[in-house]
Amino acid sequence: MSKINKLEHIRNIGICAHIDAGKTTTTERILYYTGKSHKIGEVHEGGATMDWMEQEQERGITITSAATTCRWQDKIINIIDTPGHVDFTIEVERSLRVLDGAVAVFDGVAGVEPQSETVWRQADKYNVPRMCFVNKMDRMGADFYRCVEMLKDRLGAKPLVIQLPVGIEENFKGIIDLIKMKAVIWKDEALGAEYFEEDIPADMKDKAEEYRAKLLDMVVELDDHVMEKYLSGEEVTAEEIKRLIRKGTISAAFYPVLCGSAFKNKGVQPLLDAVVDFLPSPIDIGIVKGMEVSTGEEKDFPISVTEPFAALAFKIMNDPFVGSLTFIRIYSGKITSGTTVINTVKNKREKIGRMLLMHANNREDVKEASAGDIVALAGLKDTTTGDTLSDIDQQVILERMEFPEPVIELAVEPKSTADQEKMGLALSRLAAEDPSFRVSTDYETGQTVIKGMGELHLEIIIDRMRREFKVEANIGAPQVAYRETITKVCEIDYTHKKQSGGAGQFARVKIIFEPLKEVKDLKDEDKNKIFVFESKIIGGAVPKEYIPGVEKGLNNIRETGVIAGYPMIDFKATLVDGAFHDVDSSVLAFEIAAKAAFREGMPKGNPKLLEPIMQVEVITPDEYMGDIIGDLNSRRGQIQSMDPRGNAQVVTANIPLAEMFGYVNTLRSLSQGRAQFSMIFSHYDQVPSQVADIIKAKK
C-alpha cells in the first residue's frame, strides 16, 4: 500500500463516556473481534487488557488512556481508551486533541450522565466527529428511545438513528440495520462471533419504516441530486446512504446512533463497520493548525506524508520495561528510528531511539512511522505533554493544549530521609506524565503540596508513589485550591535600581493590570487562559530582549497572590512603557522590576478571593428529595434544575467545593444509601466576604 493511500485506511478514534457506561468493555470486545486479544477481559474481574495499571484493575475504572492498534476489514484502527471518571477529564482532553473521530458510549439505562456531557463538550471544542453507541441494552430498565431523546435534550445534539434494538432487557438479541433494512441476530453460545441476517420481525416493521424515513429525510439534505431522486419516489441505494452518513458525520451535521450490549457480545461488529464506514481518516480532517517558527505566522498545515515531519506529544507514560514513553500523533511527514528532530516548544533536539506500536501494555517495535500514525517513543529527554516535535529544517509549533487549574490540594511529608529523595523523583515523574497534577512547595511551612482535579485523582497519585516508587509519606487533609483575581483596572509605574559597587541593576516598567472579562479586544486564543501578557512598547523604550524577563517575572510572582498568597488568575498585564540603562539593565533586572510592580500594583485592583464551584448532580428516590435539597441549600448550593428520571429525581446544583468534603457520607445517611451523586468542576467564583475573612485568618 502506498503511503498516500495508507492515510485513507487509518482511523484514529477515541472511545469515551461516563464512568461505568461500558467503555472499556466495548474496547475489549473490539480487540477480541479484531484478533488482538485471545481472551476477553472482564472489567469486573480485573482482567481487562486496556486497564493495565494495578490501580485500574483493582478499581475497575480506566485512569490512563492506553493506546492500541488493531485492524478491521482493510483499515488500521488506532484506539485510545479514555477514563470516564471526572477527576481524569484531562486524559480525555489530551486524547481528543489528537483524534480524528470518537465513539461516545452511553449507558442504555442511565442515558446521558454528567461526565458524558463534559466529554461531549470537550469533543465539541476540538470539533471531533463522533457517533454514539447505546450500550447495556440487555440491562433491566434499558430504554434506547429515551437515550436518543436525551441526546437531543441534554447535549443539543442531532442524533441520526441507524439501528434499532430487537428485544429489550434480558430478551435483547440483536439490532435492525436501517440502512439494509435487515435484522442482525447474535447466537448467544458463540461469544458473539456468530451472527446472521434475517427479515425484520413483523411486530417491528412499522417502527423500522418510521425510523428509516427519518434517517432518509436527514441524509438526503446533504446532496441535491439524491434529494431529487428521493422526492420523486426513486429508491435511494445503501451505498448512497452510507456515503451521505459519512459526509454528515464528518461535518457534524448529525451523529449516527447505534446500539448493543458489549458485555453480552452483541452489536460490536456493526459498530466496527460503522467506525470504518463513517468516521474520518486523517485525509478527511485535512489540516492541522500551528505556527511557522521562522516567521511566527499562524498557518494551516496539510496532513500529508510528503510534507516535512511534525508531531504532537500528547502523553508521557512510565513503562516498567522500557522506561519513559512519549506518545505522539504524527500529522505530517515520516520518521525513522535514529533520526534527530527538534522540540520546537523547548528548542531542544531529540534523537529518536526505539519506536513502538502499543497494544494496551504489549508493544511492537517499528522502524518507521508516518502521517496518521500514533506511536510511542522511548527515552526522549526534554519532551512533555503538548510539545511539538518537528523537522529541524522546517520548524513548526502545532496548536497547544490548555490544561485546567487544579481544584484540590494536600500536603505530603516523606516519612524518612530516604523517602525524601525518592519522593522528589516520583513527584516530578508523575507531574511530567499528567499536566493536571502540580507539585509546589509552601514557602511558609516548607511542605510539599500536591494539587489535582479531585480526591480520587490525588489518591491514585499517592497510591502510585507508594507502589511504583516505594515512597512512604504522611498525607495531610485535602484543602480547597483557592485563587485570587482583580476586579478593576489598575496601573503601576515602577523603577528598580540597585547600586552597590560593581555592576548595578536598572529597569523601569509601566504596566496596566486588568480583569480578563473587561478586556475588549481579547484574542480568541487567549479566551481560555488564566493569565495574558502583552507588550505595547513602541520606539524601543524597553529593548525586545528584556521583554521576556517582564513576562517571566509576572508569571512567577502571580503564583503567590496579594490577599492570602493564592495564585492570581483571570487578568491581563500590558507593558506600555519603561526605561533601561545601557550598562546596568538586564533580563534579570526587568524580571525583578515586574515582580515588584505586581506586588505594588495589584492591591489597587480591588483583589478578591475565588473558590472552585462544582456542578453536583444527585440522583435520589422521590421520598428523600426534600431532605437532600435542604442539605444542598445549607452548603451554599444554588439549585439549577430538578428533573424526573424513571422513578427517581435528578437534582443539579452549583456548590462550592469547600462545602462538599465528606458529602458522600451525609448523602448515604440522608437517603439510607439509595441516592448517588457525581461532581464536576464548573468555574471559579468570588468567595462571600464573611467566608473570605475566615480563609484569610487561617493563612
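The backbone N, Cα and C atoms fix where each Cβ goes, and this holds for glycine too.
Note that this is a predicted model, so its numbers are computed, not measured.
Per Swiss-Prot, domain 'tr-type G' is recorded for 8-283.
The DSSP secondary structure for Ala17 (GTP binding site) is strand. As annotated by Swiss-Prot, GTP binding site applies to 17-24, 81-85, 135-138, with the evidence given as sequence analysis.
Cβ neighbours within 10 Å of Thr82 (GTP binding site), excluding its own Cβ and spanning all shown chains: 28.
Taken residue by residue with DSSP, Thr82 (GTP binding site) is part of neither helix nor strand, so it is coil. Within 10 Å of the C-beta of Asp20 (GTP binding site) we count 18 further C-beta atoms, all protein chains included.
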